[in-house]
Amino acid sequence: MKNILSIQSHVVFGHAGNSAAEFPMRRMGVNVWPLNTVQFSNHTQYGHWTGCVMPASHLTDIVQGIADIDRLKDCDAVLSGYIGSPEQGSHILAAVAQVKQANPDAWYFCDPVMGHPEKGCIVAPGVAEFFCNEALPASDMIAPNLLELEQLSGERVENVEQAVQVARSLCARGPKVVLVKHLSRAGYHADCFEMLLVTADDAWHICRPLVDFGKRQPVGVGDLTSGLLLVNLLKGEPLDKALEHVTAAVYEVMLKTQEMGEYELQVVAAQETIVTPICQFTAVRL
């Protein structure tokens with residue numbers, strides 16, 4: 001069984017970061033070692049929260065503890081998401097290096113959460129620069145949304161073709177796989193949710209219907225998406241099939257959340273369809 005060290009945020013109430021991704025990843029049949037970068041009462045889109053950012057040294061201490069019992073060699077991938085400070089980022093990269101020393105075949109999957117003030121996603125100063133300058137070249141896989149893709153590349157992206165080109169430019173700087181996990185205004189269709197999966201040689205596009213939640217969209221969709229893609233790839237799924245499963249599984253969670261009249265992702269209620277989605281979508285090679 002594969003093992004993932006998941007270094008992300010944690011909320012006590014609701015679903016974001018590890019609280020959104022950990023259970024679905026486990027449900028897909030992998031072990032998850034959750035290491036929390038922050039512990040908040042709830043996610044920041046509520047506009048009010050309590051809790052704390054973990055000291056950067058806490059991350060290193062925990063990873064060293066696993067090394068001390070000689071189990072880092074069993075780690076197949078490190079997944080990082082929301083970080084509370086750029087100092088945490090440096091410690092995460094040190095942890096990645098330590099894992100790869102113990103297991104040279106281990107992957108680093110970076111979800112570069114850079115903040116989106118309009119959506120209430122707030123990150124500390126210096127975090128975006130950390131992702132652009134340090135995490136990108138260290139990653140094997142990276143999963144930006146459109147805004148983050150533009151920040152990582154320093155280029156404006158207006159359409160799918162440009163998104164593919166810019167994603168390939170990121171591949172030249174480090175990662176082998178780039179998931180653009182929300183094309184937004186650069187997509188083909190205004191009424192669809194679209195994603196791209198890009199490598200140096202291939203590009204796959206997929207779309208699904210939007211799920212309308214009104215003015216306030218659920219948080220944690222990107223965390224769920226990244227976690228499920230990593231699981232699929234670790235299990236050896238081809239890129240297109242991995243993208244298809246992730247798209248369908250996340251859509252099922254969104255539908256269940258809407259059906260239940262909830263705002264927080266209903267990952268437990270949707271667990272069966274995360275594993276075996278009812279809806280199906282086809283990835284198209286570009």
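Every residue gets a Cβ built from N, Cα and C, even glycine.
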Out of Ser9, Ser57, which is the one Swiss-Prot records at the substrate site of Thr44, Gln45, Asp223? Ser9
Name the residue, out of Lys176, Lys181, Lys241, that Swiss-Prot lists for the same ATP site as Asp111, Ala143, Glu148, Arg208, Pro209, Leu210, Val211, please. Lys181
State the three-class DSSP label for Thr44 (substrate binding site), counting H, G and I as helix, E and B as strand, and everything else as coil. helix
Which secondary structure state does DSSP assign to Asp223 (substrate binding site), in the simple three-class scheme? helix
Let me make sure I understand the span of the ATP site: among Asp111, Ala143, Glu148, Lys181, Arg208, Pro209, Leu210, Val211, what is the greatest distance between any two Cα atoms, in Å? 23
Same chain, |i - j| six or more, Cβ under 8 Å of Glu148 (ATP binding site); the result in sequence order is Pro112, Val113, Met114, Phe131
